[in-house]
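A.B. asks: Take a look at this one; I'll ask things after.
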C-alpha cells in the first residue's frame, strides 16, 4: 500500500465511524419522532425505559469482558499465540451466554413482566452477544464490523420496522415495538457472526484459558467507564423512570438525545488529534503537546459553540416536530446541551490519562460521578421533575470534567482546560505546517 493510500485509510476509517454514529443517531431520532407522533408521548416513554433497561442488562450480561478483545486478542495474534485468542473467544462467549441468560431469567422471575416486558428481556442475551461481537471484531482489527452494526444498523432497522408497522397496521402497541427491538438485535448478532466467521475459522489452535481471571478483572475494571461514557443516557432514563411519568420520560429522552448531537463535533476533533497528542505525550515533547492541545481545544470550542448557537435558535422548532406540547421544553433542552460545552471547556483530560497508561486513576472519579448522577436523578426527579433530573445530569458532567482535569494537572503536569489554551494563544509559537 502506498503512503498516500495508507494515509487515506487512516483518515477514512475514523470518518466512517463518526458517520456511522451520526447516521445511527439520526435514525434513532427519526424513530423517536415517528413513535411519538403515532403512539403518543406515554408510549415513547415506556419504550425508552424498556430499551434503556435492556441495554444496561446487556452490559451486565458480558461483565464487560469484550473490552479485552482490543488488548488481549490483538496482543495474542500479534505475538503468535493463537491459542490465547481462541481461549479468549471461547471463554468470553460461554461467560456471556451464562451471565446473560441467568440475568434474563432472574429479572423475569422477580418482575413477572407482561408480553412487552418479556420480549424486551428476550433481547438481553442478544444485546450481550452484540456487545461481545463488537469486542471480538476489534480484537480481529475489524473496526467497522465492530462499530457499524451496533451504532447504525440497529437504529436503521428500528426506524424501517416502525415505518412499515405504522403504514400497515396503524399506531403501534408497546409489545410490537419490543418485538422490533428483539428482531433488530437478532439481525445485528447475525451480521456480526457472518462478518467475523472467516476470521474465527482460521483459529484452529487448542484454546488456552489460563488467563481468564485477568480477562474478567480487566473487563470489570473498565466497566464503570463504559457505564458512564457510553450509557449515561440509558442509566439516567432507567433511574428517572422510577420518579417520572412515562410522558415526562419521553420528553427527557428526546431532549437528552438531541443534546447529544453536539458531542459528535467533539468526537470528530478528538479523533483527528489523537495521533498527534499520543505522539507528543510519548516523546515528552511539551511544546508540541501544548500546541496540539490548544488547537484541538479551539476547534472543539468553535464546533460545539456553533452547534449550541444553532440549537438555541432552532430548539423550539425541532421540539415542535414531536408535537406542539414539546415546544415549551426548549429551555430544558438548552440546559442539557450545556454538558458538551462543559466537556469542551475542561478538555480531553480522560484521553490524556488513558494515553499515559493511567486509566485506573479515573475510577474514583467515575464512582463519584455515577453516584452523583444516580442520587441526583432520583432525588431531583422526585422533588423537581424534569428540571431536577437536568440538574443532576449537569452536576455529574461538571464533576467528571473538572475532577479529571485536576488529576491530569496533578499527575501529568498537563493543563487541558480552556485556561491553558488562552495562555498558549497569548504566547504562542509558530504552528506546524501540517494540520489534522
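Positions of Cβ are set from backbone N, Cα and C atoms, glycine also.
In TrEMBL, annotation is done automatically, which means it is predicted and not curated.
Straight out of TrEMBL:
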TRANSMEM  12-35  transmembrane segment
TRANSMEM  47-74  transmembrane segment
TRANSMEM  95-116  transmembrane segment
TRANSMEM  122-140  transmembrane segment
TRANSMEM  152-169  transmembrane segment
TRANSMEM  175-196  transmembrane segment
TRANSMEM  226-246  transmembrane segment
TRANSMEM  258-277  transmembrane segment
TRANSMEM  289-312  transmembrane segment
TRANSMEM  332-355  transmembrane segment
TRANSMEM  362-380  transmembrane segment
TRANSMEM  386-405  transmembrane segment
A.B. asks: Six or more residues beyond either end and a Cβ under 8 Å away: which residues meet both conditions relative to the transmembrane segment (362-380)?
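C.D. replies: Same-chain contacts beyond the flanks: 221, 224-225, 227-228, 232, 235-236, 239-240, 242-243, 350, 353-354, 387-389, 391-393, 395-396, 399-400, 403-404, 407.
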A.B. asks: Would the transmembrane segment (226-246) count as touching the transmembrane segment (47-74), if touching means at least three Cβ pairs under 8 Å and pairs must be 6 or more apart in sequence?
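C.D. replies: These two stretches do touch.
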A.B. asks: Counting only residues 6+ away from its ends, which parts of the chain sit with a Cβ under 8 Å from the transmembrane segment (95-116)?
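C.D. replies: Apart from its flanks, the transmembrane segment (95-116) reaches 46, 50, 57-58, 60-63, 65, 122, 124-125, 128-129, 131-132, 173-175, 177-178, 216.
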A.B. asks: Quick check: do the transmembrane segment (175-196) and the transmembrane segment (386-405) share at least 3 Cβ pairs under 8 Å, counting only pairs 6+ apart in sequence?
C.D. replies: no
A.B. asks: How about long-range neighbours of the transmembrane segment (152-169): same chain, 6 or more residues beyond its ends, C-beta under 8 Å?
C.D. replies: 20-21, 23-25, 27-28, 30-31, 34-35, 38, 130, 176-177, 180-181, 183-185, 187-188, 191
A.B. asks: Taking 12-35, 47-74, 258-277, 332-355 as candidates, which has the most Cβ pairs under 8 Å with the transmembrane segment (386-405)?
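C.D. replies: That would be 332-355.
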A.B. asks: Of the listed stretches 12-35, 289-312, 332-355, which one has the most C-beta pairs under 8 A with the transmembrane segment (258-277)?
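C.D. replies: So the stretch in question is 289-312.
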